[in-house]
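Student: My questions will all concern the structure given below.
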């Protein structure tokens, strides 16, 4: 073989050409470097995006789980206070917020509130009883609060279904992608039934109509998850009266973060304030601006309030007010009668004993010189049992002696009055005994007269009987004589 050829059959490159080739840049290596830089930049961009996603995910709060509330025992339960409409208002905003968040976790639980039912009316009563009993294990609630609890769970359940439809149904075009990206906390059977229900044409038409109606809503409140009953209670404490619908509308549209109102809401608020300033009633002004109330709810009152419940509440308040007025009038009349009896008693005692003092009479009646409601114990000086190490004060001793003498005189006068009352009672008793004796004597005389009359009647009856017996005997003798005469005639 030729020495100039390599084993592969290629010609060897000279050293001059090799050095020149090393000094010149190659085209392939330049393209590769550009590609590597592009890939590196893309990888950096991807890593930056992933890092941004991670940081954004870390900033989010995540799902509300209420683990501490679920871990409560019966002894750790918190009592919740409710208003007259059985809406939670206390004992603090934190407790009310915890209750609402806890009910939201129950609505998102497939065990308590499964998603296989298309409407809340189809939810079995066993499930409702189950989450009601479970809520009572974590909070102390009255029985009347069950309607509000069920309404709150129902609203949270509907919001949860809307969120699932938005993020896991409408976002994907076919069923396979929906099943791949289904929510992890929802069982696959329930999610399939929901997707099958939402895929129906009639349900889609209803959903589109509801979406259009929802877009027409105006003047949305800006309270967030805060309860309307808490806002109403704050306004009531501030104004010392029941807030009106216009006041509640303004209060719930202002918001807590101090943001500016939108133009339409500002116009409506100014219109309401102008109509109220023109001495128009608040209900009429609110009705003119917003129209009639829809059935099943009342604006600015919160959940579970209807026109019927408000009407019933007004009737109950009217009855309570009438009852309180009647009780106050009866109390005043009773107090007037007591005052008259006390005055009459004073005059009677003064007539019986002119020497008695008015103050002692008031002491007997349990009245003080200045206040009629104080007891006679408040009049008497209080004697302290503790002894003092200081020198005795003779002035104080003399005052105490005078007070004791007055007390003794009062007691003597009271004893005299009691003795006189007892004597009067004895005289009355003796008079009653005399009258009773007279009545008894009259009864005895009457009894004697009746007895004499009875004896005379008996004697008269005996005489009549004897006469009848004599007549019978004479008749018998006459009959015997006739019989004898007849026998003699026959014998002849």
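Using the three backbone atoms N, Cα and C, a Cβ is placed for every residue, glycine included.
Heads up, TrEMBL stuff is auto-annotated, nobody curated it.
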Student: Tell me which of 313-351, 352-390 corresponds to the coiled coil entry in TrEMBL.
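Tutor: The range carrying the coiled coil annotation in TrEMBL is 313-351.
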Student: If I go by TrEMBL, the feature region 'Disordered' sits on one of 215-234, 235-254, 255-274. Which?
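Tutor: Among 215-234, 235-254, 255-274, the range TrEMBL annotates as region 'Disordered' is 235-254.
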Student: Can you identify, from 185-206, 471-492, the stretch that TrEMBL calls region 'Disordered'?
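Tutor: Of the candidate stretches, TrEMBL labels 471-492 as region 'Disordered'.
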Student: Going by DSSP, how much of the region 'Disordered' (235-254) is helix, how much is strand and how much is coil, in residues?
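Tutor: Helix (H, G, I), strand (E, B), coil: 15 helix, 0 strand, 5 coil.
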Student: Can you give me the average pLDDT across the coiled coil (313-351), rounded to a whole number?
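Tutor: PLDDT averaged over the stretch: 88.
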